[in-house]
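Colleague: Have a look at this one before I ask anything.
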Amino acid sequence: MPKNSKVTQREHSNEHVTESVADLLAHEEPVDYKRSVLNVTGEAWDKQKDGEEELDAENRPAWNSKLQYILAQIGYSVGLGNVWRFPYLCQKNGGGAYLVPYLVLLIIIGLPLFFLELAVGQRIRRGSIGVWNYICPRLGGIGYASCLVCFFVGLYYNVIIGWSIFYFFKSFQYPLPWSECPIARNGSVAVVEAECERSSATTYFWYREALDISNSISESGGLNWKMTLCLLVAWSLVGLAMIKGIQSSGKVMYFSSLFPYVVLVCFLVRGLLLRGAVDGIMHMFTPKLDKMLDPQVWREAATQVFFALGLGFGGVIAFSSYNKQDNNCHFDATLVSFINFFTSVLATLVVFAVLGFKANIMNEKCVVENAEKILGYLNTNVLSHDLIPPHVNFSHLTAKDYNEMYRVIMTVKEGHFKELGLDACLLEDELDKVPGGIPNRRSRSPCPLPVPGRSYFIWVAPGTWIWRSCFYRPSIGMGIPFPCGLPSAQGSFLGCRNGLPIVSLTATSSLPGWGAGVDFCFLQELFSGTRETWGLQGHAGFVSDMLLLSFWPLSPKQSVQGTGLAFIAFTEAMTHFPASPFWSVMFFLMLINLGLGSMIGTMSGITTPIIDTFKVRKEVFTVGCCIFAFVIGLIFVQRSGNYFVTMFDDYSATLPLTVVVILENIAVAWIYGTKKFMQELTEMLGFRPYQFYYYTWKYVSPICMAVLMTASIIQLGVSPPGYSAWIREEAAEKFLFYPTWAMAILISLIILASLPLPLVFILRQFHLVSDGSNTLSVTYKKGRMMKDISNLEDNDETRFILSKVPSETPSPMPTHRSYLGPGSNSPMEMSSAPNGRYGSGYLMASTPESEL
């Protein structure tokens, strides 16, 4: 040992041992930081606990293969929304034109935020609670909020799986039980069930046989025992799939993630062979390019991107936390995002191929029924035989021949045509129809201007002819509250009075969702008996009118989506399939697997962070969580349960999740630091991510998400706080407002899901609980060692041995602050526990948060 070297001393077995710093560093084993295990804790370090944490990190479950992990992420992100939400949005928002904003927003919002969640989960190797406690302790409420939202969503999402299970078992019979109306006995006379006759066989089966639904949310009606058993089966499947963590759920994913693609491809091949399938697909993807200028389209595309990838739930973070440190999560993010997109497109092709087939059948039925009417009018001399073109053959009447005959009769009998009660029987009308038979009737706007021109004249040309034809307000006075509580600008309201129904609304402007001149058919008592203005003024200025109308929700009866698509429209189409029970079994088995994959990810967003944070036993907590959720979920299998599903779906997740994702983005990009995060990704991945992610994380994504949150708040504010109820006596849906107690529940859902965010921030900001900022550390399996510096001279070279990588040459500058406390000149706090290798003289350093 050189005589002039600075030495370190320690006591060992009552004798002094002298070693040079060079000797210490020479004997220190190199640390592989890329493969080292992170130890995230908010408590002071001690040797025993550190050993336990290292052992826990070493023994953390891992995916058996990269394929298993990718399938898990796909199974989680590709869910029921891809099958019944995306096709509806695509049709409603311009067909093929909708794919452009969706793809753009997927790239600038979805992919960066999905990559961010994958990266933080893989980097820190903890669930959402541990991840955000490490990134920013004061925003640790993000993890708890994610868990609550996952719980709320899981409660009702599993009910949908239960519905699918019910239909799955009912599919094993021929003919399918929803193919015909049941026969009721009225004494000795057999009659068709009145409720079914007034609606349809599939609608009746859904509302009466499956749900046995009550007339309103206030009428509980008791438990539906069939759905209660199906819900029990659904939670049993989830519990069995998750009881061993990813060791069991990973194996389930092989089937639950791949099987839906097999079914979708089979349905697509079968659908393309059906008559009229091409008509459905052409109708679906006929682009309406003017829709791309509609802000409503972009808002709905952003919302769909947001929920399609499962952002903010914590499931993405939970799954990625079981990855190896050197896994290429950037490749995973790109792959899963675009598989999700192409799955949505594939499902859209399937849905509209089948609906095109159904539309053709219904159109043929319409032609036959109206041809019989015409024959009756010919036999009674109401119509002359001269009106019928000579080539028309009533025994083989085609839709083309009928349309030609219809136009001739309409022209000749112009004054009395409505009295004949003939329908146009256009295929396009059938494609636009929804369950319940209410079509999207279109009318032509009198405004001759293109969209930009109309927007211009909103501001600069009041009083002109163009103003009157494009934006005329026939019965609304300036500053007078609009009696129906609906914003009054840019519309012509017919038959609207306080306490009376809106008969129709013909929009005549280019505002989002209104410019095409769509004639919305509201349910009869949409605003009947409501308070006088429903909290809105009829004229609140052009800015507020435009903003409110931009986010006013479209009529729920416009297009097929959600349960209406899966359990009414699609089931009706399958009754016309050859071998219909087989296809029904395949379809509902696909829905079960899609739902199960999403449920596993959702429940992982609860179990992984709780188990990581509180060290509870995995099996006990998983089973207990499923039992507790099943008990709470009994409210969804009452006869009024479907209304609670609607309530939870509308209010429990949208706004809280948007806030969660915004805070996630801010925590990483602005608090933790984008540059530091990019550098850590470079070390973890072995390459530097594209600069594109730097700008999207720091600027683009936060701004876009803030706009989306504002839109969500506005939509919650202007949307009627109600639901669609099925009235048994009328055999029709009816819009009802939530009663006071239900309003209290839905407000509580939003507050409760968001409460951890401010609560944790306040508690840690004012030091009411420890935020872990002084002791939170990320230690590697080979800990970084430094000497106790309390008794060293100022020029002792051992003060400079600590650096981010031990093998790097320490800085000789006395101002080096690697081992100083943040924002002070005092040495950083040293753990009192001695290190096993060097004895009591060497202590483990708790690295300050700013250095990580």
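The first residue you see is number 1, and the count goes up from there.
Cβ atoms here come from the backbone N, Cα and C positions, even for glycine.
Just so you know, TrEMBL annotations never went through curation; they're auto-generated.
Feature list, courtesy of TrEMBL:
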TRANSMEM  69-87  transmembrane segment
BINDING   G75, V78, N82, N340  Na(+) binding site
TRANSMEM  99-120  transmembrane segment
TRANSMEM  141-169  transmembrane segment
TRANSMEM  225-246  transmembrane segment
TRANSMEM  258-278  transmembrane segment
TRANSMEM  301-322  transmembrane segment
TRANSMEM  334-357  transmembrane segment
TRANSMEM  582-608  transmembrane segment
TRANSMEM  620-639  transmembrane segment
TRANSMEM  651-672  transmembrane segment
TRANSMEM  692-718  transmembrane segment
TRANSMEM  738-763  transmembrane segment
REGION    805-852  region 'Disordered'
COMPBIAS  823-834  compositional bias 'Polar residues'
Colleague: Would you say the transmembrane segment (651-672) and the transmembrane segment (738-763) are in contact under the rule of three or more C-beta pairs closer than 8 Å, pairs 6 or more apart in sequence?
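Modeller: The answer is yes, given that the two segments have at least 3 Cβ pairs within the 8 Å cut-off.
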Colleague: Let me know the DSSP-derived helix, strand or coil state of N340 (Na(+) binding site), please.
Modeller: helix
Colleague: Ranking 69-87, 582-608, 651-672 by the number of C-beta pairs under 8 Å to the transmembrane segment (99-120), which range is first?
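Modeller: Selected stretch: 651-672, with the most Cβ pairs under 8 Å.
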Colleague: I'd like the Cβ neighbour count for G75 (Na(+) binding site), meaning other Cβ atoms within 10 Å of its Cβ, all protein chains included.
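Modeller: Its Cβ shell of radius 10 Å holds 28 other Cβ atoms.
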Colleague: Neighbours of the Na(+) site G75, V78, N82, N340: Cβ within 8 Å of the Cβ centroid, same chain, sequence order.
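Modeller: Output for this site, in sequence order: I74, Y76, S77, G79, A308, I339, T343, S344, L594, G597, S598.
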Colleague: Which of 141-169, 582-608, 651-672 has the most Cβ pairs closer than 8 Å to the transmembrane segment (620-639)?
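Modeller: Highest pair count goes to 141-169.
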Colleague: I'd like the number of other C-beta atoms within 10 A of the C-beta of V78 (Na(+) binding site), please.
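Modeller: V78 (Na(+) binding site): 27 neighbouring Cβ atoms within 10 Å.
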Colleague: How about the transmembrane segment (692-718) with the transmembrane segment (301-322) - do they touch, taking at least 3 C-beta pairs under 8 Å (6 or more apart in sequence) as contact?
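Modeller: Touching, yes - the transmembrane segment (692-718) and the transmembrane segment (301-322) meet the threshold of 3 or more Cβ pairs under 8 Å.
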Colleague: For the transmembrane segment (334-357), find every same-chain residue at least 6 residues outside the stretch whose CB is under 8 Å from a CB in it, and list them.
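Modeller: Same-chain contacts beyond the ends: 70, 73-74, 77-78, 82-84, 86-87, 90-91, 99, 102-103, 106, 110-111, 114-115, 261, 264-265, 267-268, 271-272, 274-281, 283-284, 308-309, 431, 560, 565, 569-570, 573-574, 576.
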Colleague: Going by DSSP, is V78 (Na(+) binding site) sitting in a helix, a strand, or coil?
Modeller: coil
Colleague: Below 8 Å between Cβ atoms, which of the listed ranges 69-87, 225-246, 301-322, 582-608, 651-672 makes the most pairs with the transmembrane segment (258-278)?
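Modeller: The stretch I would name here is 582-608.
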Colleague: By a Cβ-Cβ criterion of under 8 Å, what residues six or more beyond either terminus of the transmembrane segment (651-672) are in contact with it?
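Modeller: Cβ under 8 Å, 6 or more out: 113, 116-117, 120, 132, 135-136, 139, 142, 145-146, 148-149, 152-153, 156, 303, 306-307, 311-313, 697-698, 701-702, 705-706, 708-709, 712-713, 716, 746, 749-750, 753-754, 757.
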